[in-house]
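Here is what TrEMBL says about this protein:
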- 1-19: compositional bias 'Polar residues' (COMPBIAS)
- 1-40: region 'Disordered' (REGION)
- 122-281: domain 'Nephrocystin 3-like N-terminal' (DOMAIN)
- 389-470: domain 'GPI inositol-deacylase winged helix' (DOMAIN)
- 632-664: repeat 'ANK' (REPEAT)
- 698-730: repeat 'ANK' (REPEAT)
- 769-796: repeat 'ANK' (REPEAT)
- 830-862: repeat 'ANK' (REPEAT)
- 863-895: repeat 'ANK' (REPEAT)
- 900-928: repeat 'ANK' (REPEAT)
- 962-994: repeat 'ANK' (REPEAT)
- 995-1027: repeat 'ANK' (REPEAT)
- 1028-1060: repeat 'ANK' (REPEAT)
- 1061-1093: repeat 'ANK' (REPEAT)
- 1097-1126: repeat 'ANK' (REPEAT)
- 1127-1159: repeat 'ANK' (REPEAT)
Amino acid sequence: MSENSAKCNRSSSVDSTSDNPPKKKEKKSNEHSPKTGIRTRTIINNKIYGGIGGHGGDAIQQSTAGAGGVGNAPSLEYHIVAEQVTMNKMDMDQEKAVIVNWLSPINFFRRQADISQTRQLGTGEWLLADPYFKEWKSSLGRTLWCYGIPGAGKTFLASMVVDHLTAESTSGHSGVACIYLNHKEAEDHTPAKLLASLWRQLVVGKDLGADAKNLYDRHFERNTSPTYKELFDMLHSCLTEFSRVYIVVDGVDEYPEDKRNMLLGYFGMMGPSVNLMITSRPHITPPSSFPNLHSLEIRASKNDVQSYVDARIQSSTRLSKHIQRRPDLREQIHSHITCIVDGMFLLAKFHMDSLSTKSTVRGVRDTLKVLPNSLDASYKDVMERIEQQDIEQKQIAYSTLTWVANAKRLLTIEELQTALAVEPGAKLLDEDNILEIEFILAACAGLVLVDKQLSVVRLVHYTAQQYLDSIQTQKFPDAQLQIARSLFTYTAFDEFLSLEHSKILRQDASLPPLFYYSQYCLAHAAGPQEGELQDMIVRFLNWALLQTRSLRLLWNSPPWHLSSWELGPSQPSALWLAVAANLVETAKFLLGVLPVQQSDSPELTAASYYGHLQMVQLLVEHGANVDAPDELSGFALEAAASAGHINVVEFLIEHGADIHIGSRHHISPLHAASLNGHIEIVKLLISFGADVNARGEVESCPLHAVSHRGHISIAKLLIDQGARVNARTADETTALHEASKNKHIDIVKLLIEHGANVNAEGGCYGDVLQAASYGGDMDTVRLLIEFGADVNASCGQYGNPLQTAVFWGRSEIAQLLIEHGANVNAQGGEYGNALQAASSNYHIETVWLLIEHGADVNASGGQYGNALQAASYMGPIETVQLLIEHGADVNASGGLYGAALQAASRRGEIGIVRLLLEFGADVNASGGRYGNALQAASSKRHIETVQLLFEHGANVNSQEGELGSALQAASYKGDINTVWLLVENGADVNTSGGQYGNALQAASYNGHNETVLLLIEHGANVNAQGGEYSSALQAASSNHHIETVQLLIEHGADVNASGGRYGNALQAASSNKHIETVQLLIEHGANVNAQGGVFGSALQAASYWAHIEIVLLLIEHGADVNAQGGEFGSALQAASYSGDIDIVWLLIEYGADVNASAGQYGNALQAASSQKNIETVRLLIEHGANEDAQGGEYGNTSHSISSGMHINT
C-alpha cells in the first residue's frame, strides 16, 4: 500500500487529549519501571523566580532535562512538609517515556553532547560572526547549506551551532533539534525514524499532545509502525508549538541517495517557521525546491587551526618540553601545519598525532618536512606507524580495525573488548584476556576513537572507512571470516547456549556482552567464507530455532527482521533463516536433508525481496511455487519488483510467476515497481501484459503511486500505455492530487495535458488546489488556477484553498488566491475560516493580510470558536493585540477552550492572560474543555497564571470541565506548588467529578506521591469512589506506581474495592504487566478470583496481555483457571485470542477446559482461529478442542477459520 492511501491526521497543534493517558495495553511490552527511592521528613522549598531553564540535555533517556525558563515572573515561595514520601526520580512521567521511546528510538542528545565535549574551545567563532549565518538565524523559513571538503570540521561546527542556538533559546518560543548522519547507521536511521527523532528533541518539557498518544495507541497494540505521513504530521504539530524552530542536519552526503531525497523532501515541507542548516560535502547539490537557500563554504580557518595546534601542544608532554627548549619550534609547527592542511581539521589532527610521538626536537622538525598533504597519504602514514609497532600491538590494531571497519553497526566499548578476547576453539570467555580500551586506542594510532556519551567505538572519520575499504584485500582479506568465526565461537559458549527464554525477554542486564551484536553472525558468514563455516552455521541455527520467538523481539536486523518489509514468519525454519541471510551452501545442505520441500513455503519471497538470485534459482529447482502466497510478506514477484531486483523479476516471470497478482502491500508487481521508481522493471512487466489500471482494496493504481513519489519518467510511460489520469482511490484522491500536494509540477503539467480534472474533489485536502496550497509550491498553485481551478471550492480538512494556505503560513500563495477571488470570510473546514486558521498557527503576517482584505475578526465556528481564542492559545501576543485592536470580542464563547482566556491560561502565556483581563475577559467564564481558565492553568503547572487569576477573582471550587476541578487538574500533573496554592485558597479536596473522580485518584494515577500525601493530610478520602478507575488504588495499580499503592494501603485503601475500568486494583495491575504491584496487592489480601471489569478477572487480563509471570503468580495463589466472565469468557480464550502459546500451554497444564463455552468467541478454538494463531489452534486441537462446537461471534470454528485463515492441522 502506498503512503497516499493512509488517512489524513489532524496536523493542528491543539493538545486535544494531552491530559488523557493512553489506554494501557502493553502486550508483550518490555518497558522497565522507573527506579524510585524513599525520603523521610522531606522539606521542599520551591522558589519560583522565573530563572533560565536548562537547554534540555539527554531528557528522553536520562530524564534529567529541564524546560526553558519562564522569565522574570513574580517571586512566589511555598513550603511543604511531608513524612515518608516516596519520590519518583524520573522527571518525566513513565507513560511519556514509554511513548517517546517507542515512537522515537533514536536519541541524538548523547551524540550532540559527545561532539560538544571533544570540540576545541574557541574554534568556529567565524561562522557565528558570518553575515549569512546571522541573517539565517534572525529570519524565518531560511536554509543554510554548508558545504566543505572531507575533514573540514563540518560536524564540529554543526554541534557548535546547536549549542549556540540552544543557549539563546531559553524562552520556550524557539526550538532546536539536530540530526547527525553516519554511513554506519544509515540502514537503521530511516527517514521516518529521523523525523521522529526531531519530534523527540522538540517535545522535551512539553506535553506529548494528541497526535503522539493517538499514534501510539493506534499502532502499539497492532504491532505496526506509523506511516511517514503520520510521523510528519506529529512532528508538524509539535513544530507549531514554537514561533521558530532551528533544525541542524550534519552529513547528508553520508546518507544513501534515495533516503536523502526523501528526507530533504520532508524538510522542504516543514513550513515557514523552520530554519534549516545542512552540512555536506561539495558534490551534493542543494534541492532547488528549498526556499530562501544560501550556500556557505565550510573550511577550517587559520585561527581555528592555530588554536587547535596550541591546544595539542599544551596537552602533549613531549611537544611542550621541546618548545621550552626551542621556542621557535612553535611557530614552525604553526606555519607548516596551517599551510599543509589547507582548511582540513582532520589532517591537522593526524599531523599533530604524528608530531606528538617524536622524542627529539630534530625528530619534530624532520617530520614537519615530510608531512603528507592529503588524507590518503596521512592514512598510509598512520598504517606505517601501526606496522612499526611490536607484534602484539600490531595484532591488537589489526584485529580492532577488522571489527570496527567491518561491523554492521557501531560497536559498544564492551562489545569490542569482548570480541577481541574471543579465542578460536574456546568454550568460554577468558575474562583475563580482555583489553583495556585505552590500550586498544593507543595501538590504533588515532584511527579509532570512543564516543563517550554513547559508549561506542567509531573510526575517526568516514574517510578512514573509505581508506580501509580500499586496502581491505591487501591488509584485511579474511575480515568477514574472522568476525563470523569469532561470533559463532561466542554463541557456542555455555553462557550463551544456556540463555533462558525469560532472561532474553526481560532484556536482563546479565545477558552476554555480545548478545545483541551476535544477530549479525549470519550476515558476516554469507559469501566466499561460508563453506569454511558451515558446521558452525548449522550448530548456531539449531540453537536459534529454540529461541526464535524471543530473539525476534530483540534482534532487529535481517534475517530476524526483514528490513522495510514485514517481519517474516513467526516461527521461521532453519531453511528460511539461511535463505534470508543468503547462505547458499547452507541452504543446499538443508534442502538435501529435509524430507520434503513444501511448495508453498515462504522462503522464496524472502530470497526475492533481497535479490538473492542464486538462492531463488535454488529454491525453484527444489520445487518452490513461484506464486505461493506469503501471508505476511506477499508474493515473490511483488517482493522482487518492490526492491528493484530486475534479474529476479525476469527469472520469476520466465518460470511462470503471475504478473497480475498482488497483496495487501501492493496492488500488483507493477504497482510495487512504480511506487519505488524502478522504471526498467515497470517496462518489463508492461511488456509481459501488466495492467496499468489495476486497482487494489484502496483502489489506488500505479499512476497514483508515481505521482505521489514524483517518478516523471514512469508517469509518462504509464500514460502512454493507457493509464487513466482521472482514476480515483477509495477516498476519491486522483493522481493530480498527489502530484500537486508533493510539489511535482512536471507531473502536474503532464496530467493536465492528458485531461486531468483540476477541480476534482477528494482526499485529505478536499480538492487539487487545496492539496497544492498545502504543498506550498507557488508555481503549481498558479498553474492550476490558470487551468481553471476554483479558488473558492469548499471541501476537505481545511475547507478551502485559502484556509489551507494561511494555516501553513503560505502568505504568497494566500495573496495569489485572494487576487484571484478567494473569499476571505468563507466558512468551513477544521478552523471555520481562514482568519482562525492563520491565528492558530503563529502566522501574524497572514493574519494581517486577511484583516486588510476584510476578514471578520469575530467570525465563529471551527476548532477554537474564533480567531482570538486561536491566537490566545498559540500566540504571539502581537496577534492577540492585533485582533483586539480590530474589534475582537474577548468574551466570545465556543470552541475547544470555551473562551480566549481559558485558551491563554492553558498555554500559560501570562502576558496574553494579563492582556485579556485588562480588556475585560470574564475570569470565571464557563465552558470548553477545562471548564474555566483556572482549571486550564492548573492543568499545565502555570502557577503564575493561577496566582494572577486568583487576584482577579477566580472561583477555586468551580465544578466543570474534563478534570472536574482545578485541584484535580493540578493533582494529575503532580504540581505540588499549585496544589498547595489551591488548597490554601479553599479548594475542596474531596470534590467529586471529572475524568479521575477526585484529586486523589488523579494524583495516584501518575504516582505523584507528594501530592497524594498532601491531599490525604488535608482530609482526602482514600476510598472515595468515582472516575475512570473508581478508586485511587486502582488508578495507581494500573500505572505501576508501587510506592503510591503502598502509600494508599498504609492509609486504609480497600484492596478489594470494585468498580471502574478494570473492576479492581488487582486486575488493573495484571492488565499492565506490573508483577510487583500484583504481589503487593495479594500480600495485602486482594482476592485473586474477584469478578468485574472488561476481562472479568485478573487471570483473564494477564492471559490476554501475555504476562506469563503474572499468570503463574495468580494461579499459584489460587486463581481459578476456568472462571467465566469478561469479554473473552475465560483466561484460555483470552490467551488463545492473543496467540501466546506459552500461556495457552500453561493454562492447559493447570486444567483449563479447552471446550469451555463463553465469551465473545464462544470458545478458545474459535478465538485462536479468528486471529490466525496457527500454533495455538493446533495445540488446542491436540488437547481435545471440539472443532464443531457452536456459539460465539462466528457460530462455530469453521466459520471462524474461513473468516481468519486456512490451516492444515
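Don't overthink the numbers, they just go from 1 along the chain as shown.
Placed from the backbone N, Cα and C atoms, the Cβ positions cover glycine too.
Residue counts for the repeat 'ANK' (632-664) under DSSP, helix first, then strand, then coil, are 17 helix, 1 strand, 15 coil.
Same-chain residues lying 6+ beyond the ends of the repeat 'ANK' (698-730) with a Cβ under 8 Å from its Cβ atoms: 1-5, 667-668, 670-671, 674-677, 679, 682-683, 686, 692, 736, 738-739, 742, 744, 746-747, 750-751, 754-757, 760, 762-763. The DSSP breakdown of the repeat 'ANK' (830-862), given as helix, strand and coil counts, is 15 helix, 0 strand, 18 coil. Each residue in the repeat 'ANK' (995-1027) has a pLDDT score, and their mean in this model is 93. Under 8 Å from some Cβ of the repeat 'ANK' (1061-1093) lie the Cβ atoms of residues 24-26, 29, 33, 1028-1031, 1033-1040, 1042, 1045-1046, 1049, 1055, 1099, 1101-1102, 1104-1105, 1107, 1109-1110, 1113-1114, 1117-1120, 1123, 1125-1126, all in the same chain and six or more residues away from its ends.
Look at the repeat 'ANK' (769-796): DSSP puts its residues at 16 helix, 0 strand, 12 coil.
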